[in-house]
Amino acid sequence: MEPLTHPLLDEATVSQLRATLLADETSWQDGRKTAGYQAAEVKNNLQLDRNSKTAKENSQLVIKQLESDPLVKSFALPRHIHGVMFSRSGIGQGYGMHVDNAYMSSGRSDLSFTLFLNEPESYEGGALCIQTLQDSKQVKLPAGQVIIYPSTSLHAVETVTAGERLVCVGWIQSYISSNEDRTILFGLNAGARALLAEHGRSPELDLIFQAYTNLLRRLGS
């Protein structure tokens, strides 16, 4: 399954969110506290205490945006968005190659997401590297854009060499646990919606939407 990159937050919302996070100087802590035993060995960043007021309020903002975005809903089929946290990495910090835990206290991880909160030119290094079968995909998106990718992927964050990287990360438990099945459903839904927009409703299109809905019902968990 190919990752989805998509604008999620507008400029004003990102600016306000960034200012709020950085103003809370007392709630940032060692990121290894939230890592699994294997990932903790390669994790070197700061994360906002999930129990802080700042984290709780702004996590809900991000979750609501993800839950209400039509493309995200079609791509991820989210049942539960969980584990949302805010992370910052300064010079010399990063996160070595690892895979996310399959199950967390907050839910199953089918898809992982990273929402970028500052512009790529404001820091050097810090790219999200997602390992594929043949190579590695490096990602640094504009502020407000999100990447959603399978949690089964090995991935890392390059060491920051200048400036500071600020992101929001989290996980999605999907109604469809299989990446392959989710890809098929996404393509079927996208094609049906495009036909609806171009030609309007028809008995034939009703059959396609019926097939999509019943496949979702059959494959879903």
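The backbone N, Cα and C atoms fix where each Cβ goes, glycine too.
Taken verbatim from Swiss-Prot:
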type    : residues              : note
BINDING : His98, Asp100, His155 : Fe cation binding site
BINDING : Arg165                : 2-oxoglutarate binding site
DOMAIN  : 80-174                : domain 'Fe2OG dioxygenase'
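Positions of the features from Swiss-Prot, shown on the structure.
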residue	record	Cβ neighbours (10 Å)
His98	Fe cation binding site	18
Asp100	Fe cation binding site	20
His155	Fe cation binding site	22
Arg165	2-oxoglutarate binding site	26
Discussion item. In the three-state scheme derived from DSSP, which category covers the residue listed as '2-oxoglutarate binding site'?
Written reply: strand
Discussion item. Using the alpha carbons only, what distance in Å do you get between His155 (Fe cation binding site) and Arg165 (2-oxoglutarate binding site) once rounded?
Written reply: 16
Worksheet item: DSSP says what for the domain 'Fe2OG dioxygenase' (80-174): how many helix, strand, coil residues?
Response: 3 helix, 56 strand, 36 coil
Worksheet item: What is the interatomic distance between the Cα atoms of His98 (Fe cation binding site) and the residue listed as '2-oxoglutarate binding site', given in whole Å?
Response: 19
